[in-house]
Amino acid sequence: MGWEEDGRIAQAEDGAANGDSNGSAVYDPTKFDEDGKPRRKGNVMTTSAHVITAVIGSGVLSLAWSIAQMGWIAGPFVLLLFGAITYYTSCLLADCYRYPDPVTGKRNYTYMETVQANLGPKQVWACGLAQYSNLLGTSIGYIITGAQSARAITKSNCFHSNPDSPCIRSNNGYMISFGIVQLVLSQIPNFGELWWLSYLAAAMSLIYSTTGLGLSIGKIAEGGYSHGSISGTSIGDPSLAGYNTRAQKTWNVFNALGDMAFAYSFSMILIEIQDTLRAPPAENKSMKRATLIGILTSTGFYMSVGCAGYAAFGNASQGNLLTGFGFYNPYWLVDFANACVVVHLIGAYQVYTQPLYAFIEEWVSSKFPKSNFINKEHYVKLPFGEPLPINHFRLVWRSIYVVMTTIVSMLLPFFNDILGLIGACGFWPLTVYFPVEMYIHQTRLPRWSQKWILLQSLSVVTFVVSLAAAIGSVASIVSDVQGYKPFSNDA
């Protein structure tokens with residue numbers, strides 16, 4: 001609403017400046033797009049950069065472990081397959097940005113608006129449940145990952161200062177510290193005010209991913225290590241590194257599918273990225289080109305990091321690539337990479353929770369429009385900058401959310417399992433099902449036509465894969481919970 005008001009006000013002011021005594025709007029296509037918003041300036045290169053930033057994240061750290069579960073043939077092939085599916089369905093989604101025509105239709109500004117326009121209100125509820133559940137799960141996963149990386153830094157420093165010390169460190173203190181930082185950042189009311197944190201987080205993700213790749217290549221060059229196998233982890237004594245029982249092997253393969261799906265989970269923000277493109281050329285054509293560049297770049301990066309990590313550690317690859325280096329020299333470089341992970345995830349937590357904050361706050365405000373507790377802003381003077389707006393409901397609700405996600409993270413601090421579950425639950429509905437159904441509806445694709453059958457087959461197959469991945473992740477969580485003592489010093 002704010003953008004549209006800005007556009008109308010600016011147009012009215014232009015009209016007045018041009019001698020229109022009534023102050024009526026004069027449409028200036030050099031300043032505004034047809035929807036009244038300031039003219040978009042994005043192009044293929046800027047948009048592909050957004051795609052790369054959205055795709056590459058902490059999921060890259062689990063790919064060496066994922067490939068280790070499947071081996072040198074199936075692992076890279078499945079990773080490439082996820083990239084190809086993501087690209088294809090993203091092209092379908094790009095055609096749904098405008099409705100009913102992909103070139104001249106009305107713009108949709110968010111994923112849920114696109115579902116609403118194409119499929120109606122009932123499907124919006126399902127979409128909202130999938131999207132916001134995914135955001136909730138991702139925020140929990142980021143707390144776990146950030147705490148593990150922070151603990152890895154202190155353990156490494158402890159070992160190098162006192163090699164005889166057991167250097168036992170609990171995740172709990174780091175998770176609580178992470179939560180305290182988020183309590184403060186979550187009180188910033190608007191996501192737009194956190195733009196600097198988003199850019200910083202993106203830079204950190206590229207730094208630690210590149211560092212992990214370089215460290216893996218260095219370890220390979222040392223020689224004397226197992227470089228993996230055709231079939232991945234072997235069936236045998238699970239007390240030995242690289243060996244699992246038959247059941248564990250099955251669940252881990254399914255869990256690895258979820259981890260790979262998580263690595264490509266960006267469809268939920270594709271429409272928002274597409275909304276930055278200028279036209280002409282048509283936004284859907286530019287978005288398809290940008291997506292191709294973004295997916296090819298990200299997949300190449302994923303293949304490099306995942307395969308190099310697997311070659312370095314073989315079937316003993318750790319769930320988090322950087323923690324797998326342990327006390328590897330130069331340890332300061334590993335520490336630096338882990339510090340970048342922590343900084344990235346502090347920002348990424350806000351990127352993924354701010355939309356959820358906004359959704360709940362707008363919904364509650366619409367239900368209780370006269371409540372001062374919910375709607376009234378109080379301004380706190382700061383020693384620098386502008387006064388900080390504080391809202392009582394926002395303070396309470398966001399604090400409860402951060403505390404809740406921190407407690408759940410402490411109860412289930414299992415990096416691979418949680419990422420796999422998030423990827424499994426989000427990939428099929430958000431990356432495949434809704435784009436396929438919206439494309440079929442918008443193009444009025446005849447039922448039982450060849451393309452209709454192929455699209456529905458893709459949806460069914462990815463649903464089965466996602467279901468298997470979810471089952472594998474849950475089975476892994478159940479297995480890891482056995483013998484785990486929450487809130488203990490060795491947790």
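Any Cβ shown, glycine's included, is placed from N, Cα and C.
What you see is a predicted model, and the numbers here were worked out from it, not measured in a lab.
Among the features that TrEMBL reports, domain 'Amino acid transporter transmembrane' is placed at 41-477.
Under the heading region 'Disordered', TrEMBL lists 1-41.
The transmembrane segment annotation in TrEMBL covers 47-67 (among others). Through the fold, the transmembrane segment (47-67) approaches residues 75-76, 79, 141-142, 145, 202, 205-206, 209, 212, 216, 228, 232, 256-257, 259-260, 262-266, 269-270, 273-274, 276-277, 286-287, 289-291, 293-295, 297-298, 301-302, 305-310, 312-313, 317-322, 324, 341, 344-345, 348, 415-416, 419, 423 of its own chain, all at least 6 residues removed from its boundaries and within a Cβ separation under 8 Å.
The annotation transmembrane segment is assigned in TrEMBL to 73-97 (among others). Within the chain carrying the transmembrane segment (73-97), a Cβ under 8 angstroms from the stretch's Cβ atoms is held by residues 63, 66-67, 107-108, 114, 117-118, 230, 232, 256-257, 260-261, 263-264, 266-267, 270-271, 274-275, 283-284, 287-288, 291-292, 295, 298-299, 302-303, 306-307, 310, 431-432, 434-436, 438-439, 442-443, 458, 462, all 6 or more beyond its ends.
Annotation comment: TrEMBL describes 292-311 (among others) as transmembrane segment. If you look at the transmembrane segment (292-311), the same-chain residues 6 or more away from its ends with a CB under 8 A from one of its CBs are 44-45, 47-52, 55-56, 60, 63-64, 66-68, 72, 75-76, 79-80, 83, 86-87, 90, 209, 212-213, 216-217, 220, 227-228, 263-264, 317, 321, 324.
Taking Cβ pairs closer than 8 Å, the transmembrane segment (331-352) reaches residues 57-58, 61, 135, 138-139, 142-143, 145-146, 149-150, 152-153, 156-157, 160, 178, 181-182, 185-186, 188, 191, 194, 197-198, 200-202, 204-205, 207-208, 211-212, 215, 322-323, 325 in its own chain, all 6 or more past its ends. Taken from TrEMBL, the feature transmembrane segment applies to 331-352 (among others).
Under the heading transmembrane segment, TrEMBL lists 395-415 (among others).
Taken from TrEMBL, the feature transmembrane segment applies to 421-440 (among others).
Packing against the transmembrane segment (452-478) from elsewhere in the chain are residues 85, 88-89, 250-258, 261, 412, 414, 416-418, 420-421, 423-425, 427-428, 431-433, 436-437, 439-440, 445-446: each is 6 or more residues past its ends and has a CB under 8 Å from a CB in it. What TrEMBL lists as transmembrane segment is 452-478 (among others).
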Quickly jot the same-chain residues contacting the transmembrane segment (395-415) by Cβ under 8 Å, restricted to those at least six beyond its ends, or write none. 62, 136, 139-141, 143-145, 147-148, 171-172, 175-176, 178-179, 182-183, 186-187, 319-320, 353, 356-357, 360-361, 364, 476-477, 480-481, 486-487, 491
